[in-house]
Each structure stands twice: as structure tokens, then as C-alpha cells.
Amino acid sequence: MSRYLPALSRLAQALGLLLAVIVLNFLLIQLAPGDPVDVIVGEMGGASEEVIALMRADYGLDKPVLTQLAIYVGKVATGDFGYSYYFNQPVLTLILQRLPATILLVLSALSIAVLAGTLLGIFSARRPKGLLSHAVTIFSLAGYSAPVFWTGLMLLILFANVWPIFPVSGMTNIRGSGGPVGAVLDVAHHLVLPAVTLATIYIASYSRLARASMLEVLGADYIRTARAKGLSERRVVYGHALRNALIPVVTMVGLQFGQLFAGAVLVETVFNWPGLGRLAYESILRRDYPTLLAILFFSAVLVMVANELTDLAYRKIDPRIGGASRRRRRAKPQPKGASA
Amino acid sequence: MAPVLEIRDLQVGVDTGREVLSVLDGISLSLEPGRTIGIVGESGCGKSMTALATMGLLPDRFAITGGQILFEGEDLASMPDRQRRRLRGNALSMIFQEPMTALNPVLTVGRQIGEVLELHQGLSGHEARQRALDMLRAVQIPAPERRLDNYPHELSGGMRQRVMIAIALACRPKLIIADEPTTALDVTVQAQIFRLLRELQGETDTAIMLITHDLGAVAEMADDVAVFYAGKCIETGPVAQILQHPSHPYTQGLMVCTPTMRLGAAALAESPPALGEIAGIVPPVGRFPKACRFAPRCPLADDRCRTEDPPLRALGAAHAALCWKAEEEAFA
């Protein structure tokens, strides 16, 4: 039983965190002026006081805030995220429709950013005064400084007008595309621009981080040891330095996952990508509180899952992190044997 | 016997961007199989640079500017890098000063030892692992089977240095360069490491270049001694000769600076002499004095010492000092 204790306590922590996310978001939204009924009435072109009061009562908006909160938490606990005021669908259905698109976008962008950024950083670290190194530094600075929506708009203009080889809007071709293979290719084709846009800013930060980390590692004593073994420079860099240089990169992936979601809101809006980000944007405009709350909730869940995965990867890559718990487990049988 | 290593008039310089400064100036040494030479001197005298130049591992901006490093008759200094890499870690290997940082933290001990065997002797992964295990036994690490899969952070400093030695010895090198191998270790562990090195040397007839600032270590380990000062080798000779009859004033100064312990009756007989010191500081690279580099700190220096390069004077079989005064001193 005690073996599962760390996992259980982590789970309890995660649940506590989620509860805090729900409560805080709920209260934050209450602070905003206006409520959904105002918006709906506005779109209806006005209504009498009685109708408005009736609608408020219908949605439960006439109850005290804390009562509303208690009802909401209770419903979420049973998996009921309510009904969208605007889309007239259960929120959960709505979210589950949009979630895959966002996960696809965010993971693609993250993969591009980590792979391209790390490779660029490592190449430039091998010749810190070479042409590539300077080019990477300039590109990184530019990519890092440019706002993501601006990068998106520039790419949009480039590929809509000047060089139309990538679709600039949506996720699939409306006219359909024959067969499952065609469908996958179609989505991939649509994915290119949004993923690259979202990745740009992160490529910049990963290449800078990987470059600095690699330079530091290449100066370490154990790299000199590796060279003293007679290993070729290639094997020194990829066999001995790379894994050490990746440790800060992995840390950064975990930290940036949340920011990537924030970036997805802008990118999905610019490229009309049917994901959670655009849904968030739409539900903010419509004051669609149940939808917005559920989006925030699911983003929090995804970020927490990402952090757990980062933690696992971190343990895999750096034996110094996982070592303590492993040794404890190995040492355990001994006292048992002694008492027997 | 033919020397395994012969350094002839080695010059090393550092490029500061504005000028090339001399770091090592005319170092000459010779080392035969099975023997140990101790290289002593203060920090910055060029002992480590001699080691790194021999290994071909000089840091950026440092380069060999003259002389030869003959390893079994072949010049390492002019050898292409590919060829030198085949020797490095194989026929000549190095033990570094800092066992805490000199091992890769993300690779297992077995992997780090096995790697050289796979590289230089073409062993398969499995064979290399077996040999790594043998090496861990040879360096007397307890429970070697368990240690094979340990990471460096799971070992103590002394154990890590044993692993370093296992890596250095894995391919049965002709020459081991040990750069202050025990400086970072406890005194008790120092003695164990030295004993281990001597035992392994006895079995394999390896030559050892021991770099240290510890004359005690030299007395314990070395057959011959080379004393370095400000990029020059100022005195060489058999260990007993140098320790008992140091000829160069700098070597004499070093001896006075070494605390001695006297036990039993000797401790009671007379009050011990105060621990000495050498006045002044080691000149930094680029500001070495002309003529004799030790002259500004030397109690015996006269005008000639400050204006003319001192000669290398033979003071007996294999004993020589770079000093105007050495002869007079030795036979006074």
C-alpha cells in the first residue's frame, strides 16, 4: 500500500488544484460586469423586465453567488458542465468536439519548436562564432520579439496572396477529400501554417536555451574526459553532451505548455482553426460562461497532464532526479530480511 | 630501455587576441616504461598544460608552438588528430583531478568504462560489460556487479576516482597521466588510491606521469621528479636526490615549505623549525622575468641571474638544475 502513497498524494494534490481552478475561475467571471442574459436580450432586440427576470430564474442567475458556485461544483463533480447559452448544446459535447483539434495543433507546434529549436541551438553551439550561430541568434531575437498574431497575419498574407501553397483557414477542405488517407493529408496540409506560426516564438526560445545549455555542457569536465577517451567529436557531442544539454530543454517544455495554450487562442482565431482556443474567444464575446469555465477547466487538466509527463521524461533523462526513490525501494527488503 | 615518452624542448603559447604569450618554454622530459615521474610546482607553473599538451587536449586558444612530444618514437605534437585519437584513451590515458565532475552524470559507470573498450578494442557491448566488471574488481570497488549499473552520483568521491582509474587502465595503456588524482580526496583515500596505482603499475609496466603540488605524494609514488616554475622545468633528477639534496633555490624553498611530522624521541629532542615560505608570488603568464624567472624571489640571486639566462647544469647522474648557483650550492 505504502508504495502507492506518493502517487495517491499527487492525485489528491491534483484534485485540490482543480477545485481551486474551478472556484477561482467561477468567482473571477462573477467579477466581470454584465451577464449572459444581458447579451441574449440584446441580441433578441430587447425584452420586458418580467421576461428578463424569468430568464435569469431559468438559468439560476437569480440565486446568491455562493449557491451558484456550490451547484456548479456539484455538477462538475458528476461530469456535468452545463449547457451552452449560445451554442445550445451540452458544454461537454462542444468541448470534446473541439479538443482534438487543439491538442493536434499544440502538440505539432511543440514538436516543431522543440525539434527545430534544439537542433538549431546545438548546431550553433558547435561553432559558436560561425555563420549559422549568428543567423540563429538573429532569427531567435526576431522570432521572440514578434507577437504571435502578427507572425500569423504575415504568414497568412504570404500564403494567401503571394505564394498560395498552404490553405490559410480551417482544418479541412469543404469539398471533402477522398478516403481516410486523403483526409489525414488534408488536415496535415491545413495544419502547416497555424503550427508553424505557433511554433515560431518557441523555436526562438528553444534554440537560445539549447545553445546556451550545450555551450555550458561542452565546457564541463566530463566532456574533457570523453575527449581523453579518444572519442570522435561527433560522439563527444551526441553521445556525451546532448543528453546533459537536453535537461533544461525538457524543463522548459513543461513550463511552456500553458503558454502554448494561450498562444493557441490567438493562432486559432487568426487561422479559423476549429479548436478550444477559438471556442474560448467566441464564448468570451458571447458571455457564454459555462463554456468558458469548462474550457479553462480542461486547459488546466491538460497543463497538469503535460507537467506530469514532463516530470516522467525528466526522470528518464536525468538519473539524479529519480535516483532517490529508486534506491529507497531497493533498500527496503533488507530490514525485512533482518527481522525474519 | 627506450623511453615511452620523451618531451623535447616543448613550447606552448596562449593567443590572447593581441599577442601570443608563452606558457611553457623549453620543457624536456623522458619517461621509461614502468617508471613514475612526479611533476611538481605551484599553480600556474605549467604542469597541467604539459599533461594536456601531451594528450592533445589543450583548451581553446592554447597551442603547441614548438618542440616534440615523442610517444614510443612518434611525435604527438605533429600527428593528425585522427591518429592521435586512436592512441588517446588506449595507449595513453589520463586521470583527472576532479572525480566529482569528471564522470558523465547521465551515463552508468559500466557504460563509461565499457565505452573505451568498444571504441579501441572493438569489443561487443556484452564483452565490454564483462571487461568493465573485471576493471571494477581490479580497482577494488566493493560489490562491483551492483556498481556497474550505478550512476556517478550514487558513488563516493574515492569510488568515483577508482572508476576514473578503471577507465584510464581499461585498455592497458603504456602511459598514464595523473593530474592531481588525489587532491580532491580524503587523506585516507589518497593513500589507498596511490597504493592501487602502484599495484596496477607493477602488473602492467605502465609509465605514470604524476602531476602534483604535494611533495609527500612525490616521495611516495615517484622514481624521478621534475620541478616546474613559471613555464620552465628548473630541476630534474631521481626522487631521493631531489628530496634530500635539492639544488635549485626554488626546490629548496619548496622543501622548507613542506611540513614534516616527527614522532617519538625526535619530537621531544628539539623544537621543530618554523615552517618556511618563499617570499613573493608566482609571476603570471606574460610577465615572466627575463633571464632567470625565479631571480626576483631568490635569496641567492645576483646581477648575472637577472641579466643572463641560467644554464642547465648537470649535478650528477640524471640530476640537473637550471641555475647559475646550483653547482656552487651542491658542492659547497
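Including glycine, each Cβ sits where the backbone N, Cα and C put it.
The feature domain 'ABC transmembrane type-1' is assigned by TrEMBL to A:99-310.
According to TrEMBL, the transmembrane segment annotation covers A:12-32 (among others).
Among the features that TrEMBL reports, transmembrane segment is placed at A:101-123 (among others).
If you look up TrEMBL, you'll see A:135-163 (among others) marked as transmembrane segment.
Under the heading transmembrane segment, TrEMBL lists A:183-204 (among others).
Within the same chain, residues 102, 105-106, 109-110, 114, 118, 122, 125, 148-149, 152-153, 156, 168-170, 193-194, 197-198, 201-202, 205-206, 209-210, 213-214, 216-217, 277-278, 280-281, 299, 302-303, 306-307, 309-311, 313-314, 317-318 sit at least 6 positions outside the transmembrane segment (A:245-271) and bring their C-beta atoms closer than 8 Å to a C-beta of that stretch. As annotated by TrEMBL, transmembrane segment applies to A:245-271 (among others).
Summarising the annotation, TrEMBL assigns transmembrane segment to A:291-310 (among others).
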(request) Rank A:12-32, A:101-123, A:183-204, A:291-310 by Cβ pairs under 8 Å to the transmembrane segment (A:135-163) and hand me the top one. (result) A:183-204
(message) So if I exclude everything within five residues of the ends of the transmembrane segment (A:291-310), which remaining residues of that chain have a CB under 8 angstroms from its CBs? That is, six or more out.
(response) 10, 14, 17-18, 21-22, 25-26, 29, 72, 76, 81-82, 84-87, 91-92, 94-95, 99, 103, 250-251, 253-254, 257-258, 261, 276, 279-280, 283-284
